[in-house]
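Feature annotations, courtesy of TrEMBL:
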ACT_SITE  Cys272  active site, nucleophile
BINDING   8-13, Asp33, Arg38, 86-90, 127-128, Glu161, 272-275, Arg342  NAD(+) binding site
DOMAIN    328-433  domain 'UDP-glucose/GDP-mannose dehydrogenase C-terminal'
Amino acid sequence: MVKICCIGAGYVGGPTMAVIAIKCPAIEVVVVDISKPRIDAWNSDTLPIYEPGLDDVVKACRGKNLFFSTDVEKHVAEADIIFVSVNTPTKTRGLGAGKAADLTYWESAARMIADVSKSDKIVVEKSTVPVKTAEAIEKILTHNSKGINYQILSNPEFLAEGTAIEDLFKPDRVLIGGRETPGGQKAVQALKEVYAHWVPEANIITTNLWSAELSKLAANAFLAQRISSVNAMSALCEATGANVSEVSYAIGKDSRIGPKFLNASVGFGGSCFQKDILNLVYICECNGLPEVANYWKQVIKINDYQKSRFVNRVVSSMFNTVSGKKIAVLGFAFKKDTGDTRETPAIDVCKGLVGDKAQVSIYDPQVTEEQIQRDLAMNKVSVVWDAYEACKGAHGVCILTEWDEFKKLDYQKIFDNMQKPAFVFDGRNVVDAEKLREMGFIVYSIGKPLDGWLKDMPAVA
Ligand SMILES: NC(=O)c1ccc[n+]([C@@H]2O[C@H](COP(=O)([O-])OP(=O)(O)OC[C@H]3O[C@@H](n4cnc5c(N)ncnc54)[C@H](O)[C@@H]3O)[C@@H](O)[C@H]2O)c1
Ligand SMILES: O=c1ccn([C@@H]2O[C@H](COP(=O)(O)OP(=O)(O)O[C@H]3O[C@H](CO)[C@@H](O)[C@H](O)[C@H]3O)[C@@H](O)[C@H]2O)c(=O)[nH]1
């Protein structure tokens, strides 16, 4: 029986391994982590992450061929294939701080693999890492090899949160990079056989190691660039009377552009886009390519601009001050169908509003109060468990996550219980602005023609 061990039981390690387990009943999969609370949660009825469909998959195979454990060394020693799915955040100190990937967790995992292994291993980079990381990992492993043969593969993960299970069941592609040696190719084949249990062969792409590593950073950079492009257009739409949804639809009909990922928003968030672009920028700089680095930096600058533009719009619309005014924030997660708040634009927007002395009341169906307070640290806000409660007595409502339930709220009830004039600032284009205007709201929708009130307010930039 092939045995797989995955180091790191996070948003990637947990769901990816659960799907491998359910699709490959003859493979034993053990997910290990140094965090006991996380492993305990994976072994309980309340999983540590919210992801539609995940509970069913985990319940179907946990205890059969899927296990979660803190006994990292034992399971690493026993495994044939070791996935490493530890976090690779942006470095906060030292050389490359604010840009480079922090590979501390990766390096310690590699050293531990070298220490405990007694048989040949295939080590798979599942985390997103800088291009050429496999070379460094190879050095760590082979320096302590004790005659053991290690093959390093790059198998980046492309799942998006909120649709992780769907993405894993039907991936657009699985990418496997390996050394162009007989041993490397044999390892590529072994991993390919795992995915071939459910992914059509045509969707499994094999490349050299560096192409696989770089493709992951490139894919995220291209995706984020699309959002910054449409968000840049949204500012121009507001200035000219064009409608960003119409523009997106029109350009998306061009099959070379395609319709997906063209939704204007208050800005992109999530643990990956900013981190991976900063990492790309750093790699470009280290390779003496400042023009390329500056090109990608601009994607992040537009994202920052979009978030501050939104805050400025709120404040300027409300007579240039929100001091002492109650502002309801609907949605705190970085996108719908997840409880994840990493790099969520809501953090910047809330900090901006509190900075202008607003009394912010936040509701999100999946994010805990504890998490929100942690994210906002020194900024005093209140967190409530009901959208109507958040909006009661408010001067303005900001919609920051596109949760489906925000489309179905009783906006007449909300209007009746708000201060007048009552404002809605829709950072995700989820509400029917015309209907809300008929009720009496003043509505701002990202990238849409401005209503009369907003046109008369000072320009925001
Ligand atoms: N979150 C996503 O949607 C997503 C998608 C694709 C790729 N990625 C990439 O995958 C990687 C993991 O992301 P994530 O969101 O799952 O992170 P995460 O923080 O949710 O999980 C990482 C886990 O690794 C554990 N860990 C760290 N060092 C360890 C060690 N030495 N031994 C055992 N466990 C250890 C941590 O305790 C943590 O539970 C990152 O590189 C990320 O960029 C993330
Ligand atoms: O048209 C769009 C699409 C997305 N977003 C925002 O962009 C952010 C990222 O969304 P999404 O990409 O759907 O979620 P992630 O889970 O961050 O997934 C991205 O990052 C992962 C981690 O690397 C990759 O694996 C995925 O392929 C990649 O889509 C979120 O704040 C979204 O609200 C928009 O504003 N407009």
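Cβ from N, Cα, C; glycine included.
Counted within 10 Å of its Cβ, the other Cβ atoms near Tyr11 (NAD(+) binding site) come to 23, all protein chains included. Cβ neighbours of Gly8 (NAD(+) binding site) (same chain, under 8 Å, six or more residues apart in sequence): Val31, Asp33, Phe83, Val84, Ser85, Val86, Asn87, Tyr105, Ala109, Lys126, Ser127. Between the alpha carbons (Cα) of Cys272 (active site, nucleophile) and Tyr11 (NAD(+) binding site) lies a span of roughly 12 Å. Around the Cβ of Gln274 (NAD(+) binding site), the same chain contributes Thr90, Ala224, Phe268, Ile300, Asn303, Glu343, each under 8 angstroms and 6 or more positions distant in sequence. Look at the domain 'UDP-glucose/GDP-mannose dehydrogenase C-terminal' (328-433): DSSP puts its residues at 34 helix, 18 strand, 54 coil. Taken residue by residue with DSSP, Gln274 (NAD(+) binding site) is part of a helix. Contact annotation for binding-site residues (Tyr11, Thr90, Glu161) versus ligand 1: Tyr11, Glu161, each with CB under 6 Å from a ligand atom. In the vicinity of ligand 2, defined as a Cβ distance under 6 Å, the following of the recorded positions Tyr11, Asp33, Asn87, Thr90, Glu161, Cys272 are placed: Glu161, Cys272. In sequence order, Tyr11, Glu51, Gly270, Phe334, Lys335, Asp337, Thr338, Asp340 constitute the residues six or more apart from Glu161 (NAD(+) binding site) in its chain with CB-CB distances below 8 Å. According to DSSP, Glu161 (NAD(+) binding site) sits in a coil region rather than a helix or strand.
In the structure as shown, the Cβ atom of Cys272 (active site, nucleophile) sits within 10 Å of 24 other Cβ atoms. Mean model confidence for the domain 'UDP-glucose/GDP-mannose dehydrogenase C-terminal' (328-433) is a pLDDT of 97.
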